[in-house]
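Asker: The structure's right below; bear with me while I get my questions together.
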Amino acid sequence: NGTNWVVLVAGSNGYYNYRHQADICHAYHVIHDHGIPDENIIVMMYDDIANNELNPKKGFIRNKPNGPNVYPNVLKDYTGDEVSPQNFLGALSGSKALEEKGKKVVKSTAEDHIFVYFADHGAPGLIAFPIGELSATAFNKVLNKMYDENRYKKMVIYIEACESGSMFENLLSPNINIYATTAANSTESSLACYWDSELETYLGDVYSVKWIEDSDKPSLRDEKLVQQYLKVKKETNTSHVCEFGDMSMHPLPLSEFQGNKIAEKEYAEVTESPITDAVKSEDVPLLIAKHKAKYSLKNVRQYIQMVKGRRYMHKKVEMIAETISQFTDFSLTQLMNTKDSIKDHQCYDNLRETFKKHCFNFSKHPYALRYLYVLVNFCNSVNKDIEMIAKASKEMEIVCLTNNDNLFERIE
């Protein structure tokens, strides 16, 4: 008897991140075609791709090889710097302050279903936005509050991001009527796919295109949530698709979250596009730069600068790891090479803020997200020893401030 609400978020900007907005635009059309009205759909995307100077097809975004233009008629409820963690949480939880500013928010009741889909970069315990990040602890706190305030009946969340499993692992309660799936587990990358030589970028992400292409059909009434999960898990053989939360929601049909209407558009014979070119999300900027290096000396220099930036960051993080290793039984090698789930979110959130403030800001140097596992390892190894955590934080700050040579404007 309730209403459907949908929140779609592309959390990145920049042409090399084309695929995230392509995923979101395609998802919007799938949801819209299945009858969810625009007033109940919120779309957040930077909107710097369709008419980007690097886009040879102005006003055009595709999400698969030779695919249609998915940009026309897409909602743009939050664009540019409005695409922020604060606005995402506010829109999802029905912020009165945002509504008073004329922004669209979810106005759900205890009878309503909510579907959330997020595509962008991630790292242990966070998903990234163009400016700022949303921590797993902050996200789950809002979800719990929404449950306590009876703001929904059932909620489904899909997250496309590296280490996206860490947004829910040991955090999302199975008792608050939320079912979530993620593109990857807590310790691995998610993958981009569909290289387009004309547009010189990747058009999609593996997990995302698998669920969106699966839902891009006339009816969603006969497919269960668990069926889509298992199908996407099987076809996303490049990372471990995971599920969290309330497993009793398995039998619910997709139509209860993505739209109940029979889509009226013409559907061509579905041809599965085999994904043969999946690459780790963090390798995309480098691979695009390498591809472009064939065309000019300027591009060669940009590629070399990118490689140098990554090497510089690796050395800097090694220096940090060596310094903080004196406060733990973990060796430098263990800190640099172990990949593990977060066991102490408070320690990790605190050290991550120190790293971001004094070492590498993630919005400016997105490649730094790839090294946050070092802080996870440290926190897991010190067993909540507050004194050691404080010392490590101080030493990390000193290392970064005394070696702050600002050689690179941006490391990605």
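Cβ atoms here come from the backbone N, Cα and C positions, even for glycine.
On a predicted model such as this, the values are computed, not experimentally measured, just so you know.
Pasting the relevant annotations from TrEMBL:
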ACT_SITE  His121  active site
ACT_SITE  Cys162  active site, nucleophile
DOMAIN    304-391  domain 'Legumain prodomain'
Asker: Taking the Cα atoms as reference points, how far is Cys162 (active site, nucleophile) from His121 (active site) in Å?
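Answerer: Their Cα atoms are separated by 6 Å.
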Asker: Does His121 (active site) have same-chain partners at least 6 apart in sequence with Cβ under 8 Å from its own Cβ, and which are they?
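Answerer: Spatial neighbours, sequence-distant, of His121 (active site): Gly11, Ser12, Asn17, Ile127, Ala128, Ala161, Cys162, Ser281, Pro366, Leu369.
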Asker: Just how many other Cβ atoms lie inside 10 Å of the Cβ on the residue listed as 'active site, nucleophile'?
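Answerer: That number is 26.
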Asker: Reported in the order helix, strand, coil, what are the DSSP residue counts of the domain 'Legumain prodomain' (304-391)?
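Answerer: Residue counts for the domain 'Legumain prodomain' (304-391) by secondary structure: 65 helix, 0 strand, 23 coil.
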Asker: Let me know the model's mean pLDDT on the domain 'Legumain prodomain' (304-391).
Answerer: 97
